[in-house]
Amino acid sequence: MSGAERRPAAGRVQLDSKPTPTTTADGNQNITEVDAFDKRQTFDPAVQYKMNHQRRGVALIFNHEHFFWHLRLPDRRGTLADRNNLKRSLTDLGFEVRIFDDLKAEDVLKKVFEASRDDYSNADCFVCVFLSHGENDHVYAYDAQIKIETITNMFRGDKCQSLVGKPKIFIIQACRGDKHDDPVLVQDSVDSKDETTVNQTEVDAAGVYTLPAGADFIMCYSVAQGYFSHRETVNGSWYIQDLCEALGKHGSSLEFTELLTVVNRKVSHRKVDICRDINAIGKKQIPCFASMLTKKLYFHPKSK
């Protein structure tokens, strides 16, 4: 058979014809096999999302501080600091920020649906933030729970075609469990001011679980599943504080998942210093994110 006849046809899957056995010291055979591969499928690991559209995109912030009495949920003191910090950080990155405070569940879903019907053809991406209490696979609006999947489903490719292939970022600041993370490292405590401005630490009730959302989604959670998310009554939540600081310092230069890893590290170095629940003193927190992104994501400054 000639050399030309032995060559595989272009585009065909190529396999090693036979695994190669080797014999180990104890007499057993160690066989190495090669997985099939398609020569056409070559991926550039450095490929980035196209972020040079006319607009950066829309960022929705649903901020919930107060809740209907029958839910028996405490007010989320300090959440206004989170809302304002996020507005500043996202605006600096070029987003059109829309803020909604203490909306009922029906109104939240209406605003989300309206956003999903917008035309994002000339936008880079989309951001949606929830600052609230959470439970299982839900977050709380003013008067009722909302299933997170109900929200993310509105931005899938068959529902929001102008965001197909573009990053869809969801940030959830809510508790995800009923446990505190025990500290393993000692950290210097934060000095408190006079009693009227003491910055106490509180937790966001109940738990939120990670959900699949589809390609080009990234779900950013303030805490790993099963643990409390901490919020300071003056400065806001640990996660949003450190996220906004990282966005301010590195938002236009660092790849987004790398930036989130920096935030994980910063939050993990914190611990509870002042809290009405004495069992929470000294406890820690670790955020997490679930990335379904398919390319690297940068928020490089837009040319003017």
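Glycine is treated like the rest: Cβ placed from N, Cα and C.
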Which stretch, out of 119-136, 137-154, 227-244, 281-298, is listed as region '130's region' by Swiss-Prot? 137-154
Using DSSP, tally how many residues of the region '130's region' (137-154) sit in helix, strand and coil. 6 helix, 6 strand, 6 coil
